[in-house]
Amino acid sequence: MKPTVVSADVLFEDHRAALKWQWVAGLGASERRFDEVAVRAARSGADLVGYLNYIHPYRVQILGEREVAYLTNESPDDCARRISRIITLEPPVLVVADDQTAPDTLLSMCERAQLPMFATPESAAFVIDVLRAYLSKHFADRTSMHGVFMDILGMGVMITGESGLGKSELGLELISRGHGLVADDAVDLYRINQTTIEGRCPELLQNLLEVRGIGLLDIKAIFGETAVRRKMRLKMIVHLVRRETLERDYERIPYEPLTQDVLGIPVRKVIIQVEAGRNIAVLVEAAVRNAILQLRGINTYQEFVERHRKAMEQDD
């Protein structure tokens with residue numbers, strides 16, 4: 001699901017301190033919003049802000065030093081025509097950056113059309129960077145997943161599985177081994193670009209881990225600040241299964257790496273059987289270390305296949 005609403009006043013207030021901007025025109029249009037069709041069509045929120053562009057009117061239009069010069073360094077009629085064209089396109093917001101002074105014609109036209117315009121002393125490039133990051137998160141495709149989301153060796157790992165298999169207990173064991181908790185039970189996932197999924201904890205569950213028989217644990221209070229993380233990028237899913245499920249549904253040694261689709265992005269997946277006597281925390285750490293090696297181009301399974309092939313050739 002992708003949200004489609006952000007109003008001019010919310011955009012202004014959320015960045016009043018960071019961008020030091022002022023609302024200079026169109027104060028009566030505080031509820032003006034992005035075009036919903038444009039938001040749904042955008043590949044990411046980053047597409048919704050940029051320098052002055054007549055081809056993409058749905059963007060937040062940024063007017064830096066060059067753009068203001070383009071609008072003012074011609075005859076009065078030409079300048080008025082160029083400014084009028086911007087107003088006709090009805091962008092959600094105009095931002096005059098680089099400590100430039102908005103032309104009087106632009107101010108008056110924005111006021112008549114009730115088009116919100118902000119002015120900031122910050123550089124146009126900085127404004128674009130800040131707004132792209134904000135809009136990418138705000139308009140990101142999102143979903144929730146049940147599990148325990150951890151930072152294990154610097155990799156964002158989601159622990160999933162059937163109810164009663166000890167996901168939270170496993171999370172507690174990993175925390176005691178020096179890894180970090182992002183979220184337990186409900187994990188909010190955001191697709192922030194074409195290849196990246198970011199996981200966060202709902203504010204209500206921040207720093208909390210539920211363990212059966214003990215109840216809710218405040219991980220930050222018990223283990224300290226370094227035991228929790230605010231967010232992580234999802235790189236791997238560890239799925240816990242019972243023995244009968246593993247034998248029925250999965251290969252013992254899959255030839256191709258398993259993946260799971262999350263918001264349209266394939267995420268590496270590892271299946272671990274839960275059984276009495278198995279140290280699942282050690283197995284999860286080993287799986288993560290192996291994944292890190294694979295990301296570096298070291299594939300143990302392929303190396304084994306190559307050794308086996310060479311051994312067979314020698315026997316022949």
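A Cβ is built for glycine as well, from the same backbone N, Cα and C atoms used for every other residue.
Residue ranges 87-92, 225-230, 273-278 are listed, and Swiss-Prot annotates 273-278 among them as region 'Important for the catalytic mechanism of dephosphorylation'. Mean pLDDT for the region 'Important for the catalytic mechanism of dephosphorylation' (273-278) in this predicted model: 84. With respect to HIS146 (active site), the closest of these recorded positions in Cα terms is ASP185, chosen from GLU162, GLY164, LEU165, LYS167, ASP185. Cβ-based crowding with a 10 Å cutoff singles out LYS167 as the top-ranked of the recorded positions HIS146, LYS167. Listed in chain order, the residues near the ATP site other than GLY161, GLU162, SER163, GLY164, LEU165, GLY166, LYS167, SER168 are LEU240, VAL274, each with its Cβ within 8 Å of the site Cβ centroid. Cβ packing within 10 Å was compared across the recorded positions GLU162, ASP185, and the lowest neighbour count falls to GLU162. Counting other Cβ atoms within 10 Å of each Cβ, the lowest count among the binding-site residues SER163, SER168 belongs to SER163.
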